[in-house]
Amino acid sequence: MMHDDPNEAGLPPHNDAIPDETAEGADEVNPLHHRRIRSFVTRAGRVSTGQRRALDEFGPRFVVPYAPEMPDWDAIFGRSAPRILEIGFGMGASTAEIAAHRPSDDFLGVEVHEPGVGALLKLIGEQGLSNIRIIQHDAVEVLEHMIAPASLDGVHIFFPDPWHKARHHKRRLIQPPLVAHLASRLKPGAYLHCATDWQNYAEQMLEVLGAEPTLENTAADYAPRPDYRPVTKFERRGLRLGHGVWDLVFRKRAD
């Protein structure tokens, strides 16, 4: 997810891991694994003193260790509630804001970058949020091993790395195998919400999501920004400069 000031965190605006060029061959084994953790190197980002303190203080409660097994999410959250998965929450400002405004929903954020995890934990502590849990691991493996079929009420993927060069488009997160896997984890009627500020990526998202037979678009093409998704300072700056932002909201078909 895009965060308010990426430069302060030592991270670029689009906060995905960077594939290791030498590991591209691993992608050919299973197309779903185009974001496998062994094919990635994380961008170097400085963990601030406040983030480190939050990692130490709140990590034991709110960070769920990755394990290749299905956890008891009701026990982890301490209740049974609608569950939303967010892939790549960046520095977590929007995640915290959404969770604060939707206290009856639970949010599971997946992020590989430690500064972002620390930043969100800091917000959790400052705001007294209890409906967020974090996994610091590759999202594909989390999806495969820790999320049961038809168990999610929603998925958020906000401002993933656009990989704007044409030769890098195959590295984009929104690809047919991943979308099919995400759709399999959604309950009937649950939603998948993507957002991007790159028109070419928005067009690809629309094509890929529209081709998934178990999903249906909630709009003719792009959706109005739902009220629950906040506009970040970084996004607002882009809008002032005339940059577009595209939201796509699809739902899992009931049949």
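Count begins at 1; order follows the chain as displayed.
Even glycines carry a Cβ here, placed using N, Cα and C.
Feature annotation from Swiss-Prot assigns region 'Disordered' to 1-31.
Here Swiss-Prot flags 18-27 as compositional bias 'Acidic residues'.
As annotated by Swiss-Prot, S-adenosyl-L-methionine binding site applies to Glu86, Glu111, Asp138, Asp161, with the evidence given as sequence analysis.
Residues or ranges marked as active site by Swiss-Prot on the basis of similarity to another entry: Asp161. Taken residue by residue with DSSP, Asp161 (S-adenosyl-L-methionine binding site) is part of neither helix nor strand, so it is coil. Other C-beta atoms found within 10 angstroms of the C-beta of Asp161 (S-adenosyl-L-methionine binding site) number 21, with every protein chain shown included.
Among the features that Swiss-Prot reports, substrate binding site is placed at Lys165, Asp197, Thr232, Lys233, Phe234, Glu235. The Cβ neighbour count for Lys233 (substrate binding site), using a 10 Å radius and every protein chain shown, is 13.
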Considering Cα atoms only, can you say which of Glu86, Asp138, Asp161 is the nearest neighbour of Glu235 (substrate binding site) among these binding-site residues?
Asp161
Going by C-alpha positions, which of the binding-site residues (Asp197, Thr232, Lys233, Phe234) is nearest Asp161 (S-adenosyl-L-methionine binding site)?
Asp197
If you measure Asp197 (substrate binding site) to Glu111 (S-adenosyl-L-methionine binding site) at Cα, how many Å is it?
20
S-adenosyl-L-methionine binding residues Glu86, Glu111, Asp138, Asp161: largest Cα-Cα distance, in Å and rounded to whole number:
15
Between the Cα atoms of Lys165 (substrate binding site) and Glu111 (S-adenosyl-L-methionine binding site), what distance do you get, rounded to the nearest Å?
24
